[in-house]
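Summarising the annotation, TrEMBL assigns Mn(2+) 1 binding site to ASP40, GLU64. Positions annotated as Mn(2+) 2 binding site by TrEMBL: ASP92, GLU95, GLU222. Summarising the annotation, TrEMBL assigns substrate binding site to GLU95, GLY96, THR97, TYR126, ARG172, PRO173, ARG174, ASP194, GLY195, ASP196, GLY219.
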Amino acid sequence: MSGEKGGLDRVLALELARVAERAGVAAARLRGRGDEKAADQAAVDAMRRELGMLSIRGTVVIGEGERDEAPMLYIGEEVGAGDGPAVDIALDPLEGTTLCAKNQPNALAVIALAERGTLLHAPDVYMQKIAIGPGYPAGTIALDATPRDNVHAVAKAKGIDVGEVTACVLDRPRHAALVDELRETGVAIRLIGDGDVAGVIHTTDPEETGIDLYFGIGGAPEGVLAAAALRCIGGQMCARLILDTDEKITRAGRMGVDDPARIYAVEDMAAGDVIFAATGVTDGSLLSGVRFSKDRITTHTLVLRSSSRTVREIRAHHREEGKFD
Ligand code: VTB
Ligand code: MG
Ligand code: MG
């Protein structure tokens, strides 16, 4: 069966949901155990095994690290059964390892699949980001505008007072000045311990999540994954890689980044048809975490497809627990 539009067969959306579910269940089995590494490893193994069953010729472009530092799902690794379309894969089998270890909200198993050559090949460095959901005029936010201007632009576009806007920021010392500037505007700040893929996606449904915009510096891989989601749901994001050493500039250059200061919009990071799936590992404002009961496992997965713009939530009851072994 083929998709009615877009370059990717829509059947892949369900396949991708399975991949996220499997990684999510593996991580959730180790949720709240205080062992980030074990949960991460379980998610990586599970995601890799399930990916191996997909009829794709996939290349990991956003993965667990650069080739010499990650044994599995590293950037450049070929994944899939090798008999289908050539695609780019971006993944983070456990986004928010600390959230999972501490059983705090919004740990996710995340994967995106796109037409070959259409995802930004970002090195594992930091990225400065700002994001809002759909429904705003183009250019409402800008990376080089002040936090005050960005917050006012969002409030104006929404027709509310700045005091009614909520911004999400990673709780890090590097954001002290940003938080101070935001405080002066009167905006509410949701400080999160980890998980800026979830943080950015939260802006797409403020009524549900209470978050209007996302600010700050997080991982570049997470930035590309978030852009893949926004490409499907709608929304705006501006981002810049933080390439503050010659070594990082060279590394990025090898991946095709020729302008270290470039500001990327959603379409620059996810340029083609893309499918995105995220399974909740811990409970969160968008997705419930995995539930284990006597004879079933329940998963909650968000599945997005850019060509149709369908936002699908799949709550699955898995009765055969053995399939996750
Ligand atoms: C960032 C963020 C992620 O880890 O990579 C963060 O993008 C790491 O930041 O969502 P620090 O180096 O300051 O700890 C996450 O929060 C989780 O992977
Ligand atoms: Mg990871
Ligand atoms: Mg991560």
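Cβ from N, Cα, C; glycine included.
Fair warning: this is a prediction, and the values are worked out from it, not measured in the lab.
On the structure: features taken from TrEMBL.
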residue	record	CB count, 10 Å
ASP40	Mn(2+) 1 binding site	23
GLU64	Mn(2+) 1 binding site	24
ASP92	Mn(2+) 2 binding site	29
GLU95	Mn(2+) 2 binding site	29
THR97	substrate binding site	24
ARG172	substrate binding site	16
ARG174	substrate binding site	11
GLY195	substrate binding site	29
GLY219	substrate binding site	21
GLU222	Mn(2+) 2 binding site	26
Check the binding-site residues ASP40, GLU64, ASP92, ARG174, GLY219 for any whose Cβ is under 6 angstroms from an atom of ligand 1, and report them in sequence order.
GLY219
Identify all same-chain residues not among ASP92, GLU95, GLU222 whose C-beta atom falls within 8 angstroms of the centroid of the Mn(2+) 2 site's C-beta atoms; report them in sequence order.
GLY96, LEU108, VAL110, GLY195, ASP196, VAL197, GLY219, PRO221, LEU225
From GLU64, THR97, ARG172, ARG174, GLY195, which binding-site residues have a C-beta atom under 6 Å away from some atom of ligand 3?
none
Taking the Cα of GLY195 (substrate binding site) as the centre, which of the binding-site residues listed as GLU64, ASP92, GLU95, GLU222 lie within 10 Å of it?
GLU95, GLU222
Quick one: what's DSSP say for GLY219 (substrate binding site), helix, strand or coil?
strand
Near ligand 2, which of the binding-site residues show up if the criterion is a Cβ under 6 Å from one of its atoms? Options: ASP92, ARG172, ARG174, GLY195, GLY219, GLU222.
ASP92
Neighbours of GLU95 (Mn(2+) 2 binding site) among the binding-site residues ASP40, ARG172, ARG174 (Cα to Cα, within 10 Å):
ASP40
Measuring CA to CA, name the entry from the binding-site residues ASP40, GLU64, GLU222 that ends up nearest THR97 (substrate binding site).
ASP40
